[in-house]
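As written in Swiss-Prot, here are the features:
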ACT_SITE  321  active site
ACT_SITE  360  active site
ACT_SITE  416  active site
């Protein structure tokens, strides 16, 4: 995209925003976090070789190739069979605990060591030094942008932040008690109606072969997502939508739309805007999680990007995914006071209550994002005052980490534990994790379009139903 005069005029602002060492910098006074940057080589050496399998049912031996990444192709196991009526081995993997449907270069996780990197960069380092819009560029295009690229990128997102009036009218027609993320799912899906020229179902599969068409949809989604989310939030508050301002950063604009009530002179607190920016960075991408897998699954059919993204948002809406942030707040509210923690701990150990905000399917160590969020929480509470639930949260964390039951199960605080308290203090729905995660969905969508291995996702099943049966009339069935 060509740089504009308006974009050049913003470079000075961007320079100030990205420089963290200036004495008058408005970024939170948070110490640099310990990062996982000590490993600069590839995560592991080549694991390429062959796997020898002996089928004790038949005595047959098989050689299965192992890739340099330590994976085998499941179709190679189909040749392991007991005879002509056996169609070969199939893998049963509920929840995809050990199945990789894609190869990706976007993010790397080592759950045992508590490592998360975006395109090789430790997430803690990006949270300390970068901005959300810069990270979105990194995730989508693979490298950090130059100063000029960043200015163009932010300008393009800003220029595409206005939402079609028809979408805003749709949000306004929703019930007053609509959940903001439910509204976000509906509105994001509806965008495909307003951009038919970029819909493969209407224009043919080749429409996304154009990188210009792809890039246009990416900046549209990134630009409009916070505008839609803010409109959904305001709808629940009984207020009309607020249009974004072109002179504010991504996170500042989100706070402006949520807080200003249309007062164009309103200025969001820059320290809180930076906190939100860091939260967005931490939640932007997390490899093949449920919602990202849902987005890639939908895009594999050749559908439009808006449907794929709305599907991802719908998945993160679930209480076991992004909804866990709200569940954590509800849990702390139910506990109420520090004095009730021992009783709560015992009820969890007796499987009568659920401990939200602890543990993770991937991380068997501290969630690296959780450490950053805890420091952010202190910053927010120094500005807005300390939420009484923070005392409950601190005490619950100490109690859980000193109890052998939780330590043995490696149940450490995750990113949800304190981010919910931050959102609550700032008056932002915890469920709006979805806004930041859209960058990850778009990165995977773009990557899948260029991956020659991309196929329409069509998992197998293990059939456990009845054998063949033949139809009988109602009268015949009644006789039985």
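Positions of Cβ are set from backbone N, Cα and C atoms, glycine also.
Annotated features taken from Swiss-Prot, shown on the structure.
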{"residue": "321", "record": "active site", "Cβ neighbours (10 Å)": "19"}
{"residue": "360", "record": "active site", "Cβ neighbours (10 Å)": "23"}
{"residue": "416", "record": "active site", "Cβ neighbours (10 Å)": "27"}
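Note: the CA-CA distance between residue 321 (active site) and residue 416 (active site) rounds to 10 Å. Taking CA atoms as the reference points, residue 416 (active site) and residue 360 (active site) are 10 Å apart.
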